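This report refers to the structure that appears directly beneath it.
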Amino acid sequence: MNTQQLAKLRYIVPEMRRVRHIHFVGIGGAGMGGIAEVLANEGYQISGSDLAPNPVTQQLTNLGATIYFNHRPENVRDASVVVVSSAISADNPEIVAAHEARIPVIRRAEMLAELMRFRHGIAIAGTHGKTTTTAMVSSIYAEAGLDPTFVNGGLVKAAGVHARLGHGRYLIAEADESDASFLHLQPMVAIVTNIEADHMDTYQGDFENLKQTFINFLHNLPFYGRAVMCVDDPVIRELLPRVGRQITTYGFSEDADVRVEDYQQIGPQGHFTLLRQDKEPLRVTLNAPGRHNALNAAAAVAVATEEGIEDDVILRALESFQGTGRRFDFLGEFPLNPVNGKSGTAMLVDDYGHHPTEVDATIKAARAGWPEKNLVMLFQPHRFTRTRDLYDDFANVLTQVDTLLMLEVYPAGESPIPGADSRSLCRTIRGRGKIDPILVSDPAKVAEMLAPVLTGNDLILVQGAGNIGKIARYLAEIKLKPQTSEDGQHD
């Protein structure tokens, strides 16, 4: 490393400077790629492997990283340390080779903890809302001129990246509870947005285990640190006496320290008042729809207020907030005449939400902002275990749309579970008597099956965490028009 690169490492433990080459297995994931991006910008030699290129790997290649689109033992040659995604199995040939060569193998969160060690860490945890809240906190701190480092699980649209190396002392990071690895983090401030049953295989199916893990995470705060917690969530309210740290609560609840009042949504914007203890009320215009995003903003404001950031800076950042990739992501509005011969248009929105609570929040935001629209959802269930465990919740939530098209379950490496498939879920929803779902067994036929159900005054929600985001972008690319054999088909 040259002198300029070493100067960037002022927030790194001195011994970490002995590390030269960091290899990431599963580098194409947003969380992994974000950490790799920060380390690349700090001057480390970065390599990594994944199965296929994507925007994350392209960005890292642009920064000088070496990316392999395979998993081979020789990929870890000369690495000082190997960082692994929780999605990677222990028998991966690169992990096996690293162990044989006595190269340290660590999880993503351990490397994130190293980045946070000598910085003022702000960690955002919770079942839902982490990515957007992380982006909001980052936006406010950037607007205040504090030049934070951030590592997010989704694309921060204003920056065009998942992660950025700043020169300030703040590190703002999404904290992942899916594999309990957030216990490696020792932040100064921790936000917990909500706690619901998800990733229960990590917690042996025991919700009490999940709750205790969140408490353990908060106990990583120093006694002078602060927990910022959504008191609207009944589980969080139950856990407050066990936190044992300074707490700021937020929510719509009357007893919240930072309280959301008078919420109104007009199109894609939320308008509301934030009441804070011993502070002037803030009248907020938030450039993100839905009551759930008002809560995310309240969490960000609670942290920023505690830091002493001026109100006018906070308001500017929230009004100009550009959102995150695949979170109520507006992809365009398209005329329907070329699609199905009808007059009028259809709006196309892409959203990552894949838990019933998240899907419900997206539907409510769509209904509140565009109440007159025909609401069409293209949904892809994510994981057979989640579909099984939350089956009735999915069936209840998905009946709220006007038209539902459902893709097959995205397995994410899981084996099928009888009765936890899309055909069964469609049958159950049909039995409720409200809507008649359409099963889309062939993703190449999405546009063909979508066109006939569009009326000319539609809002299409493309919803899910699997590969459905690619389908959303494809629909935008073809402007919803079904492709003939001459046009070519989406694979």
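Yeah, the Cβs are placed from backbone N, Cα and C, and that goes for glycine too.
What you see is a predicted model, and the numbers here were worked out from it, not measured in a lab.
According to Swiss-Prot, the protein carries these features:
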BINDING   G126, T127, H128, G129, K130, T131, T132  ATP binding site
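Location within the structure of each feature annotated in Swiss-Prot.
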residue: G126; record: ATP binding site; contacts (Cβ under 8 Å, 6+ apart): T133, E177, I191, V192, T193, N194, I195, C230
residue: T127; record: ATP binding site; contacts (Cβ under 8 Å, 6+ apart): E177, T193, N194, I195, E196, D198, H355, T357
residue: H128; record: ATP binding site; contacts (Cβ under 8 Å, 6+ apart): T193, N194, E196, H292, G353, H355, T357, E358, A361
residue: G129; record: ATP binding site; contacts (Cβ under 8 Å, 6+ apart): T193, N194, H292, L295, N296, A299
residue: K130; record: ATP binding site; contacts (Cβ under 8 Å, 6+ apart): I124, G153, E174, A175, D176, T193
residue: T131; record: ATP binding site; contacts (Cβ under 8 Å, 6+ apart): N152, G153, G154, E174, T324, R327, Y352
residue: T132; record: ATP binding site; contacts (Cβ under 8 Å, 6+ apart): G154, A288, N293, N296, G323, T324, R327
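Excluding G126, T127, H128, G129, K130, T131, T132, which define the ATP site, the same chain contributes I124, T133, T193, N194, N296 within 8 Å (Cβ to the Cβ centroid), listed in sequence order. DSSP gives K130 (ATP binding site) a helix state.
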